[in-house]
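All remarks here apply to the structure that follows.
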Amino acid sequence: MAEGSAAVPSTELLEWPKKDKRRMLHAVFRVGDLDRTIKFYTECFGMKLLRKRDIPEEKYSNAFLGFGPEESHFVFELTYNYGVTSYDIGTGFGHFAIATPDVYKMVEDIRAKGGDITREPGPVKGGTSVIAFVKDPDGYIFELIQRASTPEPLCQVMLRVGDLDRSVKFYEKALGMKLVKNVDRPEYKYSIAMMGYAEEHETTVLELTYNYGVTEYTKGNAYAQVAISTDDVYKSGEVVEHVIQELGGKVTRKPGPIPGINTKITSFLDPDGWKTVLVDNEDFLKELK
């Protein structure tokens with residue numbers, strides 16, 4: 001009887017993700033030419049190169065880019081693995097999104113620099129929001145969204161999922177995210193759920209997309225994960241384990257420090273196989289210094 005009781009998580013523990021101090025830190029993905037991608041993102045999108053590091057003993061290099069400092073903004077962590085020039089993006093990854101005051105001007109600038117415009121700027125079907133789509137040198141798709149102002153220009157990571165209700169529950173329970181927007185478009189046979197820690201115009205959100213009747217996607221080997229901050233990796237990891245038992249997924253790294261760096265993390269897959277890494281808040285800030 002005691003064992004059965006111990007397996008039941010407390011209400012306090014399950015409420016922890018909503019009380020925890022969390023924000024989306026960065027998205028990690030692989031590129032075939034680090035300097036080429038840095039050039040494209042800084043010149044075409046207006047991002048800043050925040051830091052760069054080379055790890056020859058592990059045969060890879062990293063670059064961090066974004067629209068503001070890592071202490072306060074969502075950024076990209078680009079990874080270049082020595083000798084690997086291309087990756088399979090798969091069918092599950094959708095796009096990243098950038099908010100800009102003038103989509104038309106950004107598209108002009110990107111076109112002038114040889115960028116690949118896959119959808120010309122203009123209003124969305126049945127709406128007034130002005131968007132465009134461009135493709136970077138590695139084949140990643142970027143949606144450009146016209147917004148007068150935003151505290152976080154790097155505003156979306158879009159992933160396709162096989163069961164939208166299940167995914168919404170997973171990110172609410174495991175990560176304390178809020179459903180900030182839900183749209184069903186039966187005429188185009190898809191639904192989306194925007195998940196985040198603040199309203200859509202205030203922060204970076206996960207845009208989860210369900211295409212009617214499609215339950216599985218290929219992940220490829222290009223997009224890796226998102227990282228999210230937490231005040232307690234161990235408590236957060238305990239919650240994740242309980243949610244995985246209920247909704248599916250897999251713990252890929254138990255909570256604890258990374259050897260040599262001592263930053264405490266835990267990582268896991270959601271029910272669709274998308275990876276999230278939870279990073280200790282204090283350790284992350286120390287690592288930046």
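Cβ from N, Cα, C; glycine included.
Remember, TrEMBL labels are computer predictions, not curated facts.
Database features (TrEMBL):
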type	residues	note
ACT_SITE	Glu143	active site, proton donor/acceptor
BINDING	Glu77, His95, Glu143	Zn(2+) binding site
DOMAIN	23-147	domain 'VOC'
DOMAIN	153-281	domain 'VOC'
- Item | Inter-residue C-alpha distance, Glu77 (Zn(2+) binding site) and Glu143 (active site, proton donor/acceptor) (nearest angstrom) | 19
- One should report the C-alpha separation between Glu143 (active site, proton donor/acceptor) and His95 (Zn(2+) binding site), rounded to whole angstrom, as 7
- Take the Cβ of the residue listed as 'active site, proton donor/acceptor' and count every other Cβ within 10 Å, whichever protein chain it belongs to. 21
- Message: If I restrict to non-local contacts, at least six residues apart, and a C-beta distance under 8 angstroms, what lies near His95 (Zn(2+) binding site) in its own chain?
- Response: Phe133, Tyr140, Ile141, Phe142, Glu143, Gln156, Met158
- What mean pLDDT score does the domain 'VOC' (153-281) have in the model? 97
- Measure the Cβ-based neighbour count of Glu77 (Zn(2+) binding site), defined as the other Cβ atoms within 10 Å of its Cβ. 21
- Note on the structure: The correct DSSP tally for the domain 'VOC' (153-281) reads 28 helix, 57 strand, 44 coil
